[in-house]
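Visitor: Per Swiss-Prot, the feature topological domain 'Lumenal' maps to 1-4, 70-76, 188-227; the stated evidence is sequence analysis. Feature annotation from Swiss-Prot assigns transmembrane segment to 5-25, 49-69, 77-97, 167-187, 228-248; the stated evidence is sequence analysis. Sequence annotations record features per position, and here Swiss-Prot assigns topological domain 'Cytoplasmic' to 26-48, 98-166, 249-379 based on sequence analysis. Annotation comment: Swiss-Prot describes 123-173 as domain 'DHHC', evidence class sequence analysis. Residues or ranges marked as active site, S-palmitoyl cysteine intermediate by Swiss-Prot on the basis of similarity to another entry: Cys153.
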Amino acid sequence: MCYYISILIYWGADCRTVGTGPVLMYCTKTIRSYFRCRHPFFSSINSSQIFFLSLLIAGECMFIPSAWPRVSTFHRLFIPALALLPYVFLYASVVTKSYITHENHEDEMARYPYDRVIFNPGHRCRTCDFLKPARSKHCSFCKACVSRHDHHCVWLTNCVGRNNYHYFLSLLLSLSLMLAYGSWLGFSLVSQTLEGLIPSSSPLRSKSQDWTTWLNVWAIAIASDIRVGAVAMLTAMTAPLAMAFLLYHTYLIWAGMTTNESAKWSDWKEDVADGLVFKSTRSEIYGNQSHSDEDTPAQRTWPVSSNQILVITDGEPPKEGFQLCSRSNEILQKDDPQAPVDTRWTEVNSMREIDNIYDLGFWDNLREVFHMPIRRCVR
């Protein structure tokens, strides 16, 4: 059985891209050529989406007709809703773009302030030919800068960014609910089949039976109700994966960061562990001097600001006479081995000492993701 499944997976999808096997490539080219230019969803469809949709549609076509006559009215209300929602959010996630263009660039520059930790001002995208807004990233697959870039999703053939992140979260939630509900309902129906085949009073279903007998009994029930049983097994195996993705993105919202930003914070964590990061305050370093690139609409309207300055050195604390780099967190030490240490700087020993101005607290982070008004006042 495992051998035939392996052959099927190979012909259906390559292990690296989940979508370059001969069958899926043929289906993808056929569908794309037929629907090309008719709608953004079909013009950007790829093998990964064909593979995903094929599993989803085939599973529902196997499960629902077989289960429908056997479930109550309550379940008949839930099944259509849970079956259709993933398609709605998948569609919205694919067709909604978060691209930064010359037309909306000014608005994007005013959306988020630069924290001068993982995002510094003054960096220009050489491909798009404009300054990079805070929290943005250029995607080489989409060939565009993406607002509040999270990641490029191969299953969507689209970047997950500010405009479609809430659709992506809703897709994960609806998939998790559908898979969990499907596995529970499926095994409930298979249990009914098992009761008809082997009553609970049978010695084969005694509490003292060994694992081999238990597996054989359930194998008989699943084989007798193959449409429901096979889909129930598939949903039971895939539900933890969807839930794990949902939990991971819930954690990212709680932490006030994106997938892209979590990688940047990981780099800072390594530098902190190596003793390369030092901190001070803007008031100590600059005094009452103001800087033109700090007085921006985003700086004035974003609810959280920080007085902290971070620098990365070669392990030596900043010395008197150093120079700060305007576009990075590096410094130029004074070319004098005898220069005294600048006492305004202290070594950062933990990531907890570093401010994340994009973290507004879980509920406000969630409201910001869903484009709802943030309740916190500017401070």
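Cβ from N, Cα, C; glycine included.
Are these features on the surface or tucked inside, and what are their neighbours?
Guide: Summarised as a single figure, the pLDDT of the topological domain 'Lumenal' (70-76) averages 94.
The Cβ of Cys153 (active site, S-palmitoyl cysteine intermediate) lies under 8 Å from the Cβ of Ser93, Cys159, Val160, Phe168, each of these being in the same chain and 6 or more residues away along the sequence.
Away from its own ends, the transmembrane segment (167-187) comes close to residues 59, 63, 67, 71, 75, 78, 82-83, 85-86, 88-90, 92-93, 96, 150, 153, 156, 160, 228-229, 231-233, 235-236, 238-239, 242-243, 245-246, 249, 369 of its chain (Cβ-Cβ under 8 Å, at least six residues beyond either end).
Remote same-chain partners of the topological domain 'Lumenal' (188-227), defined as residues 6 or more beyond its termini with a Cβ less than 8 Å from a stretch Cβ, comprise 62-63, 65-67, 70-71, 233.
With a threshold of 8 Å between CB atoms, the same-chain residues lying at least 6 positions outside the transmembrane segment (228-248) that come near it are 55, 59, 62-63, 66-67, 169, 172-173, 175-176, 178-180, 182-183, 185-187, 189-190, 193, 221-222.
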Visitor: Helix, strand or coil: which one is Cys153 (active site, S-palmitoyl cysteine intermediate) in, per DSSP?
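Guide: Cys153 (active site, S-palmitoyl cysteine intermediate) sits in a strand per DSSP.
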Visitor: So how many of the residues in the topological domain 'Lumenal' (70-76) end up helix, strand or coil by DSSP?
Guide: 5 helix, 0 strand, 2 coil
Visitor: List the helix, strand and coil residue totals of the topological domain 'Lumenal' (188-227) as derived from DSSP.
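Guide: Reading the DSSP string over the topological domain 'Lumenal' (188-227) gives 29 helix, 0 strand, 11 coil.
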Visitor: Over the span of the domain 'DHHC' (123-173), count residues by DSSP class, listing helix, strand and coil in order.
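Guide: Tallied per class, the domain 'DHHC' (123-173) gives 9 helix, 16 strand, 26 coil.
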Visitor: Residues sitting near the topological domain 'Lumenal' (70-76): Cβ under 8 Å, six or more positions beyond its termini, same chain?
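Guide: Non-local partners: 185, 189, 192.
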